[in-house]
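> Copying in the features that TrEMBL gives for the protein in this structure:
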REGION    1-20  region 'Disordered'
TRANSMEM  24-42  transmembrane segment
TRANSMEM  54-71  transmembrane segment
TRANSMEM  77-97  transmembrane segment
TRANSMEM  237-257  transmembrane segment
Amino acid sequence: MYTSFVENKHRRKKEPSEGSPSSFLLFWIGFFIIFVFSLILLPFGMYWQLSHSIWVFLIFFLPLVFLGIHVSKTFGYKIFFAVFLSLLAGGNVLLFLGDAMGYKLGLTAKFDVLPEEVHLNLGYRYLYLREFRLDETDVGTFDSPLLVRRRSGGAVYGPVITFRFKRILSLSGKETKRPLYAICYSKDYGTCQISSLGSGGILLRESIWEKDGTSFSEGSLFIVWKNRLDGESETKIMYSILFLVLVHLVWGIVVYFPTGSFE
């Protein structure tokens, strides 16, 4: 009994800090995960529709989770907070920063397009016209569930939306290759206005409503009518970048804040 006590007394105790990962290295690994994930998603936020970008988000996020599991074996569970922050940063890039940068840089927006040349610019998300007029005789209103996503066996619908439309014609009298309409929409059976002061907006290459009950010709193009987004895009870029900076600062606080709950 006494011998056992002596052996235990002189046994080398494990230091509390022995084997603990470097906070500096942990910070930069998490920083790299958040930054690179956001950077990868930026082109998709610029060019792709939101419905497609969501799938890209999931495809890239799943490997990120497995990477977090692998890294956590060495650096502890704090790394999962970096994975969570990557989720927030990536959503910010897809929803706001990518869209605003694409518009501001002219990658997804084209201006001063003639109505008869719209069919040549279908690769843009935003189109703004010149030398056009709104036909006040070819107008209408209809209610339809919002078409969220098409599936092979059906479709997914959202709430009922009130749509208003006006035909867009060229001042030169030239016919557009495909019928072109300005539309606006509102919720809860409200009203919206298509102002002659506007000149374009978001180009829809396919309808976002149930086609049954509408009189549009096959192949018609639609522009969601709104004012130029120059000021709005600058604001979105500024706040989106500030949000990314905040996310990285939060990660730094998590790494260096003294707590043992994530070790």
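Cβ coordinates are placed from backbone N, Cα and C, and glycine is handled just like the others.
Neighbours and distances for these, please.
Among residues of the same chain six or more beyond the transmembrane segment (24-42), those with a C-beta under 8 A of the stretch's C-beta atoms are 53, 56-57, 60-61, 64, 67-68, 71, 75-76, 78-79, 81-83, 85-86, 89-90, 92-94, 97-98, 101, 244, 247-248, 251-252, 255-256.
Below 8 angstroms of C-beta separation, residues 23, 26-27, 30-31, 34-35, 38, 78, 81-82, 85, 88-89, 92-93, 96-97, 100-101, 104 of the same chain, each at least six residues beyond the ends of the transmembrane segment (237-257), sit close to that stretch.
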> Mind checking which residues reach the transmembrane segment (54-71)? Cβ under 8 Å, same chain, six or more beyond either end.
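Distal contacts: 29, 33, 37, 40-41, 44, 48, 79-80, 82-83, 86-87, 90-91, 94.
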